[in-house]
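What TrEMBL says about this one:
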BINDING   HIS66, ASP104, HIS312, GLU316  divalent metal cation binding site
Amino acid sequence: MNLRELVSALNDFASPALAESWDNVGLLVEPSPPHTVNTLFLTNDLTEEVMEEAVQKKADLVLSYHPPIFAPLKRVTWKTWKERLVVRALENRIGIYSPHTAYDAIPHGVNNWLTKGLGTCTSVPLHPSTAPSSPAERTHRVEFCADAEHLDAVVSNIKDIPDISCLTTLPARVEGEEQTRVSLNCSQKALLEVVALLSQNSHLYHKTEILLLQKPLLAHTGMGRLCTLSEPVSLSDIVERIKGHLQLPHVRVAVGAGRTLESPVKKVALCAGSGSSVLKGTEADLYLTGEMSHHDVLDAVANGISVILCEHSNTERGFLSELRDALTIHLQNKINVIVSEKDRDPLQVA
């Protein structure tokens, strides 16, 4: 499959628009075209060891869940390991693509996979995503009424303002008089100019309505998950379930104030990776994530919420096997999709 065609298919699987604004997702390294992809190589973290594995397995594109290029690179030399990744990729004509938080948000993504370790439950996003392209890039709607004497001049001036769309006029009757209702969508910056223009015509301005355009929420899509178990189980049972799901011999547990390992757990708030900002303030019996700061753990415990920490990438990596199967189907078996055998969390229990 041609690289551009494959990237388009990957973007259809999980739109980069669902990623967090601070993230760096999509195609990060592109060999000179044309570039055909026969083998897609999946990894959670693209380390130098994993890159050498990709080279040995003749990968044409590496899908690295975490973006190996995050902070801007000022040069590409052999000096730092991240620069060396780019050098090795280009030398071997290997592209690099990263989905990161787009895969956190989608209904069939990382957080959904993590919920499967809890047992039978229902879940909803903690922070729902909004439709990325609706209503376009405009943030406000302005509506006002004008009589025939002023209509043409006002509409003409408004059309000169950048970032105006959906400008419509409809007949209207206001206080028994025939007038025209003008409606338009605009950006935050354009709104200031529209209001300034209308304020020069007080007979228009006092009839003006300004509406904030809210993008619709996407079902089952967003950051984190709040899970309600079908039956409450003890904290100790949840610990064992999570260890089994993540195939870990150990996890770290902080027991909430007034609770014990035998206390029932009904509601679980979870977030793969680093969950402090996503989980903070959520009412639940348990927080499940990869890592949290010491003080955020103390806050949770003081509020009677237990915490399970599994190390950052341990809450993500197991998803790759499920992803391999899903992408194989999504790409109609046109690509050989394989998972790294060298990829692992850098932290171990000694």
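Backbone N, Cα and C atoms are what each Cβ position is placed from, and that goes for glycine too.
TrEMBL annotations: computationally assigned, not manually curated.
Taking the mean position of the Cβ atoms of HIS66, ASP104, HIS312, GLU316 as the divalent metal cation site, the remaining same-chain residues with a Cβ inside 8 Å of that point are ASN44, TYR65, HIS100, VAL110, ALA272, GLY273, SER274, GLY290, SER313, THR315.
Long-range neighbours of HIS66 (divalent metal cation binding site) (same chain, six or more residues apart, CB within less than 8 Å of its CB): ASN44, ASP45, LEU46, SER98, HIS100, SER313. Its own atom aside, the Cβ of ASP104 (divalent metal cation binding site) has 29 Cβ atoms within 10 angstroms in the protein chains shown. A simple Cβ count within 10 Å picks out one of the binding-site residues HIS312, GLU316 as the most packed, and that one is GLU316.
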